[in-house]
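> The following feature annotations were taken from TrEMBL:
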- 25: active site, proton acceptor (ACT_SITE)
- 33, 36, 57, 62: Zn(2+) binding site (BINDING)
- 1-136: domain 'Deacetylase sirtuin-type' (DOMAIN)
């Protein structure tokens, strides 16, 4: 599973299937309450975020532990991977944790090299570039 707090949809663009993706704060592709599941207009949610508001579901009014707590909910033998500027929370305390800190692009390229996925990344970048050109 890929757990993300990003809302930009880059994980979807990278080809991660919906069944393997948990978008904690929603995505600009869809918007629903993480507590009750109620669907919301994604354009309204996006506009609220852009204006600096925090979108809240009117069906629920409770405060919940931040999404970051999910990382501690998995079994101790489940590998956890963090790609972030800095280490956060309890990530890095388990022997199965993988932490890549620093520049995001450099971290991803390093991981790609280690896994031997250079050609796959180049192909993905070409697809992304062609989509960008077609949208302009």
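The backbone N, Cα and C atoms fix where each Cβ goes, and this holds for glycine too.
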> Compute the C-alpha separation of residue 57 (Zn(2+) binding site) from residue 25 (active site, proton acceptor), stating it in Å without decimals.
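Spelling it out, the Cα of residue 57 (Zn(2+) binding site) and the Cα of residue 25 (active site, proton acceptor) are 12 Å apart.
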> How many helix, strand and coil residues does the domain 'Deacetylase sirtuin-type' (1-136) contain under DSSP?
53 helix, 18 strand, 65 coil
> Only counting partners 6 or more residues apart, tell me which same-chain residues put their Cβ under 8 Å from the Cβ of residue 62 (Zn(2+) binding site).
35
> What is the interatomic distance between the Cα atoms of the residue listed as 'active site, proton acceptor' and residue 33 (Zn(2+) binding site), given in whole Å?
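Roughly 9 Å, rounded to the nearest whole number.
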> In the structure shown, which of the binding-site residues 33, 36, 57 has the fewest Cβ neighbours within 10 Å?
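Among the binding-site residues 33, 36, 57, the sparsest Cβ neighbourhood within 10 Å belongs to 36.
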> Mean pLDDT, the domain 'Deacetylase sirtuin-type' (1-136)?
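Overall, the domain 'Deacetylase sirtuin-type' (1-136) comes to a mean pLDDT of 83.
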> I'd like the Cβ neighbour count for residue 25 (active site, proton acceptor), meaning other Cβ atoms within 10 Å of its Cβ, all protein chains included.
14
